[in-house]
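Below is one structure, written out as structure tokens; comments come after it.
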Amino acid sequence: MNESVVNTEVCRLFVIPSYTTNTTNELFTVTAIVNCVLNSAIALSALLTNIAILLAFGREPNLRSNANFLLAWLALTDVLVGAVVQPLNIVLHIAVLQGKYFCDVTAAFDATKFLTSMMSVVTALLISVDRCLTVSLPFKYAILVTTKRITIVLISCWGFWTVIVASWTLGVAGAILQLSCIVLLILTFVILAGIYTKMAQLAQRHRNQIASQSRATQSKMITETKQHKAIKTAMYVIGAMVVCYLPIMVVVIIDMLVVMQEEVRYVTVSLAETLVFLNSSLNPAIYCLRSQEVRQAVLRLVIKKGRGQSFRSNYASATTGYPLQPIRSGDISPSQQKSVESTTGKQQHQQQEAG
């Protein structure tokens, strides 16, 4: 095995590893191909599922809550990962296979990867704070937390991290920024663990109090149950994020302390990054598995889309003279069925006259 350490290139304002010297190495080739395949599948999954979540949240009035509003922002971040970050990552792995180095693509990938990763963590933290406030301040929550205030906070966070990425500097400053982000991630996960431990205790206390009250209304029990379920959903989201982000944190820390060989660094960093991107596909799966309302909204969206395509296909067959496909009674509305039958009848009459 080649004993060389990682080479670096100065690209724009970034000091970035360059893997162009050992492209004939079988380990490089296999790793690059595996990453291309995995990132392609994950990117497609992230795009389709998160767009479906966003459409469901937008179209269903009963899903428009502060908690779901924050989840929608997280879904938007995940869409950016699938639409921008992962395609750039795939291009870079293809470049490794070809023994090339794309400075602009590398800089764009590092910048967008850093921005979306940090905003995912920030949004997860805001989701946790929101859930904590619903439990600790149930009567003041509606006054303190509004959609407008959440939007202002999120836009401010996006602006802050965009400035940080744009001001990324060379050498030691870049290493300090990287280390600062790792420390921030660790602190965030520790804070989240504390928040959810406290929330679980408060939620259980509230449930016991309501259960012990003989005059407790059913509506209170339903509200408390929904809040408890929302907290557990948020806990699953945070748990998935910790699992996906922990390997890259460990790899980056080791990379700072130990000079890695090219092969080792490429394999560990690239696979750890792919695991981070996987989180974008796990989040919508958690929403659907944990929330019956979200699951039903997404199913309605898919069924409605399928019925619309079925109607257009059959209508096109009627107007172009090709044989009609059988239409089931539940596939289209009565008005659509009447329109298709009317068009078909007119065309058959014209064919008889022509004959």
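Backbone N, Cα and C define each Cβ position, glycine as well.
TrEMBL annotations: computationally assigned, not manually curated.
Quick caveat, the model's predicted, so the values are computed rather than measured.
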111-129, 130-148 - the range that TrEMBL marks as transmembrane segment: 111-129
Positions whose Cβ lies under 8 angstroms from the transmembrane segment (69-91), at least six residues beyond its ends: 35-36, 39-40, 42-47, 50-51, 53-54, 57-58, 102, 105, 108-109, 112-113, 116, 119-120, 123-124, 126-127, 130, 147, 150, 154, 237, 273-274, 277, 279-281, 283-284, 287
Contact set, same chain, for the transmembrane segment (176-197): CB under 8 Å, 6 or more residues outside the stretch: 114, 118, 121, 124-125, 128-129, 131-132, 164, 168-169, 231, 234-235, 238, 242, 245, 249, 252-253, 256
